[in-house]
Every structure is written in structure tokens, then in C-alpha cells.
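These come from TrEMBL:
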{"type": "TRANSMEM", "residues": "9-28", "note": "transmembrane segment"}
{"type": "TRANSMEM", "residues": "40-63", "note": "transmembrane segment"}
{"type": "TRANSMEM", "residues": "75-98", "note": "transmembrane segment"}
{"type": "TRANSMEM", "residues": "118-140", "note": "transmembrane segment"}
{"type": "TRANSMEM", "residues": "152-170", "note": "transmembrane segment"}
{"type": "TRANSMEM", "residues": "196-215", "note": "transmembrane segment"}
{"type": "TRANSMEM", "residues": "235-253", "note": "transmembrane segment"}
{"type": "TRANSMEM", "residues": "282-308", "note": "transmembrane segment"}
{"type": "TRANSMEM", "residues": "320-343", "note": "transmembrane segment"}
{"type": "TRANSMEM", "residues": "349-367", "note": "transmembrane segment"}
{"type": "TRANSMEM", "residues": "372-393", "note": "transmembrane segment"}
{"type": "TRANSMEM", "residues": "413-433", "note": "transmembrane segment"}
Amino acid sequence: MNNLSKNNLVLISLMLFSLFLGAGNLIFPPFLGQAAGGNTWIAMGGFFVTAVGFPILGVIAVAKSGGLHELSKKVHGTFAIIFTVLIYLSIGPCLGIPRSGSLPFEMAVAPFLPKGIISNTLALFLYTLVFFLVAYWLCLTPSKLVNRMGKVLTPTLLTLITGIFVASLFKPLGGYGETTAEYVTSPLVKGFLDGYLTMDTIAALNFGIVISLAVKEKGVKGKKAIVSNSIRAGLIAGTLLIVIYSMLAHLGATSGGRFGQTANGAQTLANIMLYIFGKPGVVLLAVTFTLACLTTCVGLITSCSQYFTTILPRVKYITFVRGLALSSMILANMGLTKILAVSVPVLDAIYPVAIVLIVLSMVDVLFEESSVVYICTIAFTSVVSVLHALSGAGLKFGVLEQLCNSLPLYSQGLGWVVPSAVGFIIGLILKVIKDRVTQKTLDMNDIR
């Protein structure tokens, strides 16, 4: 079979959508809208690039290459091991999975608990215990994920979010609020950077293989057919993400005039729900975000466990599921603030490399998949992105830091763009030289 049936295509698309619509995806768009005010849609244009465009390209890149490790091997074998492990650890037990467990608690439960360290600590423990037990149960049978997520969890989630948006039309919050300073000068770039915090480009490198396997399980055979169907599912999921993000951004923008600026997106949404639905809105918010974060958590645990079984085949899949669920529950009890404090420097270091790797894989037919081009481009990107991340974490590098500060767009977090372009050009030049040397050697051998 070359193509998925319409029903299976919809189910896999919905599963992919729900895998992406997790923790940060729900708090960043409304917070962006509230801060951007009248520039919301310009900022969302940049947000769509990093939060929708690159993730969908990531799914396609992994499907095209046959896995994240195979994609990374286009750079170098050693790089493939290091980068792949870093990706799975950062998006998995060290960051992404715990955040998906702590976020809904911090958003919709903690603000309404009695004040006191003991009560909050106990409540977070009980909440994350139940959350990760449910996630563990869902991960036990990955072959059933398409049906469970595509037929039940995702439609429920879509209905809840759409219902909230429709309700806001009947009880409008007001006009768009004032634009804050950071969204006045370069809203498009700021939105682009905000999209970083969803971690979806990194997540896509994990989820790509999950989607490819789901397509295979539905009877599709052949690399071209799998890639083609992955693209179709990605486009549908991407369209849904844009619609949902737009709804959330609009809600945030209209809340700015009524509530002013809040500390974070969680507080923004809590204010909106209380205004529209009253106290029952808090329960609705808790259910909505628990569902959203649960689907992402399940996808991350499943993909990480499947990967680790490939590098440690003697350890069973179920063992990794148990270990990831338990360790993530422990880390989740550190709280959302501490997890997010770690996420920014990690994203600063890994995200540019992931983006450049995906873009290269999309156009590598133009340079014959030359490893020289891959190595030069990734090397130049990595140096700047790692230095920027370490600088953001408080480490200083003297002359190197001064050189980085002189790069275009460095202050806006995009200092890696020009170096990656330079690395790409150098790689192309070296490829041409290498090809000519090889050709001359062949010609001389023919003469002999």
C-alpha cells in the first residue's frame, strides 16, 4: 500500500498534533499575545516559523533519513552519538518530560491551594504521581497510541480549547492591550525566539520516528511512500497547530487591555478562564492542560524508550518506560520555575544546531549530501550557539565573548545565523576542491 486511508491519515495527524501540543505550546502564545498587543500577528509570524514550520520539517527530515541517528550521521559518526543522546536526554527525562508533569500543576492547581510549603509540596507529589502513572500505563502498548490519542485524547483536547475560544466570543475580554517595548522594535524576531521555548524542533527529531513507525504499522511500504505520508500528516498537524496557537494568542492579546501584564502565560490563562467561566473555569483549565501535557509526555517517554532500546538492546522497552516515568516524576517535583531556568541555556545550545541540521537535510540534494558541507556548517553553528548558551548561564569568555557580541543578531539570540551561512559556504568550497582533486586522481589513474 502506498497511501494511508483517509481515516488513518486523520488519526496519525491528530496524534502528531497532540504530541506537539504540550507544555510550552499552551503558555507561550497567550503570553506573547498579551505582551505584543497590536503587534501580535507580526510576532506570531515568527513564532509559527520555529514552533510549527521547523518542527514539521524535522518530522519530514527524520522520516526521510530513517531516524535521528541516521540523520545526524550525515555530519559524523561521533557527532551522531553525542547529538542524539543529548537530544533525547534534554527533551526526555532531564527536561521535557518532567516539565510536562509540573506545568499543569503550576498553572491550574497551585494558585488555588492554601498557602504553605507543606501543602504545595504534598499536592505536587500526589498530582505528579497520578500523572506519571497514567502516562506509564499509556506507554505500555505503543501500538495502541494512534487509536488512543487520535480517537480519544486529541479530539477531547481540541473540543476543550475550541470551546474556550468560542466562549470568549460571547463574553469578550476587550480590545488588544498595549505593546510592550520588546515587541515594538522587532516583533517578528521576538516571536521567532519565543518559538524556541516550545522545544518542538527538538521534539520533532524524536517524534519523527514515532510517526514513521505508525505509518508503517498501517501497511504503508517503501521509503518514498512513508516520507510522502509523513509529509501529509505533518501538514495537517501543522495547520491545526497554527489554528490553536492563533486562538490562544488572540485570547492573550485581548486579555492585556483588561488585566494588564502578568508574570507568565499560566497566570494569563488563569485570569481568562476565571473571567469567562468563573471558578469552574479553573477546573476546565486544569483538565485541558493536563490532557495536553499528558499526550506530549506519553510521546516523549515512548520515543525515548524506543531509542534507548536500540543502543542498549539487552534492556527491555518496559524497563526504560518505568525508569523514565519514575525519574521524571522526581524531577517534576523540583517545580516549573527551576525546570524552565535550566531549559533556556539548553535550548540556546541545541536548538540552532537542530534547526541547521534539519535545513541541511532538506537541501542536501543540492550538494550531494557532502559530509564536508555538513561538518563545516554544523561546526560553525555549534561554536556560537554553545558560547551564547554558556554566556547566558553566567560564564564569561573574554575575547571570544567580545567576538561573538560583534556578530549580527547576536544580542537577539540569532548570532549563529551568519556563522552557519559562512560555514556552509566554506563547506561548499572545500567540497568543490575535494571533488576536483578526486577527479584529477582518477584521470591520472586512467592515463596510467
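The backbone N, Cα and C atoms fix where each Cβ goes, and this holds for glycine too.
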For the transmembrane segment (118-140): best-contacting stretch of 9-28, 75-98, 282-308, 372-393, by Cβ pairs under 8 Å: 282-308
Long-range environment of the transmembrane segment (152-170) - Cβ separation under 8 angstroms, sequence gap at least 6: 14-15, 17-18, 21, 240, 244, 247-248, 250-251, 254, 272-273, 276-277, 284, 287-288, 291-292, 294-295
Seg_contact(the transmembrane segment (75-98), the transmembrane segment (413-433)) with at least 3 CB pairs under 8 angstroms, min sep 6: no
Positions on the same chain near the transmembrane segment (282-308), where near means CB under 8 A and six or more residues out: 18-23, 25-26, 68, 84, 88, 91-93, 96-97, 100-101, 103-104, 107-109, 112, 131-132, 134-136, 138-139, 142, 145, 149, 153-154, 156-157, 160-161, 164, 203, 206-207, 209-210, 213, 269-270, 273-274, 315, 317, 320-321, 324-325, 328
Of 40-63, 196-215, 372-393, 413-433, whichever stretch has the most CB pairs under 8 A to the transmembrane segment (9-28): 196-215
For the transmembrane segment (196-215), distant same-chain residues with Cβ under 8 A (at least six beyond the ends): 4, 12, 15-16, 19-20, 22, 24-25, 28, 50-52, 54-63, 66-68, 71, 87-88, 90-92, 95-96, 145-146, 226, 229-230, 233-234, 296, 299-300, 302-304, 306-307, 343-344, 347-348, 350-351, 354-355, 358, 413
Residue numbers, six or more beyond the limits of the transmembrane segment (40-63), whose CB comes under 8 Å of its CB atoms: 16, 20, 25, 28-29, 32-33, 71, 176, 183, 187-196, 198, 200-201, 203-205, 207-209, 211-212, 215, 226-227, 230-231, 233-235, 237-238, 241-242, 245-246, 249-250, 252-253, 354-355, 357-359, 361-362
